[in-house]
Amino acid sequence: MFSPNHTIVTEFILLGLTDDPVLEKILFGVFLAIYLITLAGNLCMILLIRTNSHLQTPMYFFLGHLSFVDICYSSNVTPNMLHNFLSEQKTISYAGCFTQCLLFIALVITEFYILASMALDRYVAICSPLHYSSRMSKNICVCLVTIPYMYGFLSGFSQSLLTFHLSFCGSLEINHFYCADPPLIMLACSDTRVKKMAMFVVAGFNLSSSLFIILLSYLFIFAAIFRIRSAEGRHKAFSTCASHLTIVTLFYGTLFCMYVRPPSEKSVEESKITAVFYTFLSPMLNPLIYSLRNTDVILAMQQMIRGKSFHKIAV
């Protein structure tokens, strides 16, 4: 950054979760295990969806993209974090910090609207089952994932530009384990009012708008389920939504604790703990939640283990 009072910033220092060398080695093992489980679980989910003919439906199409986003999401932060656990120089380049910040915002927003698309899919499946094939056609499904990717990356790029347009001086120590907006803003020595307002508006809008779509979809879904006379029918209809509802609750619950508030020293410290959950645990748990609660996925896994599901990969 250019300023008459300081030199160009070329790198930042990530303070991470702790400065205790012994604890860092323990955390390295813990987060490495979480990362490997995340990669294995989500890659397995993508492989199952692409190779098993019974999973070639809109619901699993969206789930495959959710798994892909979770892999990118975790991979954006974890490798650098693991490196810093074992390194004395806990630095990240200016370009690397910009990229990490951009990808983090972009992938979070993308996941918002993929989860919203999944809710719409469940709404159509339960409330309009006779029109499901036409209303959730391949073209519509492609649009429902393409738009979140495009919008997410445009939002991430614009928000990152606002952040890195700020002048940074004095300490360049980021009080976090990745390049997050709130602690970066606290390092700035230029006016941050526009950036703070933009962050609050964008985070608030995307959280509330995507959650509104999900809640409205489930309002109609529950109304339709309660009209089903048989208990078995109600249970079967609700079971198709249970995994998605669990993921939505975990993901949105933690994010609401972090971004819908102005940045402060206290909020940054709290957000580090919150961020551990949705950056590492949520991507690891998502495929497990769908696997344990979904008979189609369990059956597909059994078929894959027996070597019966490796047909031609669907395009």
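A Cβ is built for glycine as well, from the same backbone N, Cα and C atoms used for every other residue.
Placement of Thr51 and Ser137 with respect to the membrane, taken from Swiss-Prot, is on a common side.
Cys189 (disulfide bond): 14 other CB atoms within 10 A of its CB, across all protein chains. Counting Cβ pairs closer than 8 Å to the transmembrane segment (55-75), the top stretch among 26-46, 140-160, 238-258 is 26-46. Across the range of the topological domain 'Cytoplasmic' (47-54), the DSSP-based residue counts are 7 helix, 0 strand, 1 coil.
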